[in-house]
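Here's the structure we're looking at; comments come further down.
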Amino acid sequence: MTSENSPLLHYRLFSVSDGALGPADSALCGTETITAGPAPRKLSTFFGVVVPTVLSMFSIVLFMRIGFVVGHAGLLQSLLMLFVAYAIIWLTVLSVCAISTNGAVQGGGAYFMISRTLGPEFGGSIGLMFYLANVCACGVYVLGLVEAVLDIFGKDTSGISDPLRALPQGYGYNFLYASVVLLLCLSVCLVGASIYSQASFFIFIVVLLVLLSILLSFVAVGPLHVTIRHGDNTTIIGEYTGINSTTLHNNLHADYSLDYTTGNLMNFATVFAVMFNGCTGIMAGCNMSGELKQPSRAIPIGTIIAVIITFFVYLILFLMTSLTCNRTLLKEDYGFFRSINIWSPFVLIGVYATSLSASMSTLIGASRILHALAKDDLFGILLSPAKLVSKGGNPWGAVVYTWFLVQVSPY
């Protein structure tokens, strides 16, 4: 009978109780007993799994690409994409549930579970790739946040005077802004998982309020015409009709055309790729396995709850968007939520909050994977700094190591 203290696998690597083996197990594995005590586990299912997973699955796509998907693919194909994406996600979630309930789970998330189930060769290779993917994702989320800020507050190159547009732009300035954001994420992650969970919960509340404002806007805001400007000379008028059956009928079928941001012709594959990117992030809670009170129970339950929540949010937004906005508005203004909101800054707050949350989530998640890789000595002295842990059990060495890789990665 397995429990929170039962190992997943004795195969070259140490036991799952944070490296501690019993005498018999030590002899069996041919290793020496390690006396380091386990780090304290404080996070519940909700704070440790549901909140970070929901925020990671929403990301900036929720606020900036709903119109893109419905505008090009139409409601029917958008729903097809949604169901296909969540069918793929559901298979992954079931795999995570099966492995995480197969024995004790320590820090390292997916790497730890795979390495103790399939062996260190599979676990090490997959863990390294997963770690590097999180490093790259952190950089992308940070840059996404910087671009979202500069889109509103950056100096206008056309020369139009606007007191809000005060931030200078350019490669050097963008790098500086990204570095400041990354330092903010580093400071939160260095304090520990508890502060991270509190910050994530605050962002979670903010995002829920923003989503509530968007849903209320679909009902409270009357029909209006939205002026859309591309560049200095192009002006387009989009229409928000309110809940209208004719608008729904016009938005049912696909109408793929040129993307105004890239100039490329869209098709099912490209739109699905953008939409699916907004549904990923299911490993955010799994990466916090070392800080969860009951990881074998929290990971499957919390991940399933998060997937269900995000699925219905996307479903409702697809339906309401198709009922209220014409194709011109959806295709020509991907930030149309701001134009039709009862208070437009709400949407900006949601964009900034989700981007910041995703940046922190990938930074702290990657550090936990790296710490587990370092403890298993799969890459020798190269990862020795990642073994350093604070008195409270926070792997600050892995956090700094990861921050440095994100900082020096090419922007």
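Placement of Cβ uses the backbone N, Cα and C atoms for every residue, glycine included.
Per TrEMBL, these features apply:
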type     : residues : note
DOMAIN   : 48-408   : domain 'Amino acid permease/ SLC12A'
TRANSMEM : 46-68    : transmembrane segment
TRANSMEM : 80-105   : transmembrane segment
TRANSMEM : 126-150  : transmembrane segment
TRANSMEM : 170-193  : transmembrane segment
TRANSMEM : 200-221  : transmembrane segment
TRANSMEM : 265-286  : transmembrane segment
TRANSMEM : 298-320  : transmembrane segment
TRANSMEM : 340-366  : transmembrane segment
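The stretches the transmembrane segment (265-286) and the transmembrane segment (340-366) are in mutual contact, each linked to the other by at least three Cβ pairs under 8 Å (pairs 6 or more apart in sequence). Between the transmembrane segment (80-105) and the stretches 126-150, 170-193, 298-320, it is 298-320 that has the most C-beta pairs under 8 angstroms.
Long-range neighbours of the transmembrane segment (200-221) within the same chain, counting only residues 6 or more positions beyond its ends whose Cβ lies under 8 Å from a Cβ of the stretch, are 47, 51-52, 54-55, 58, 63, 240, 242-243, 313, 316-317, 320, 323-324, 337, 340-343, 346-347, 349-350, 353-354, 356-357, 360-361. Relative to the transmembrane segment (126-150), the listed stretch 340-366 leads the set 170-193, 298-320, 340-366 in CB pairs under 8 A.
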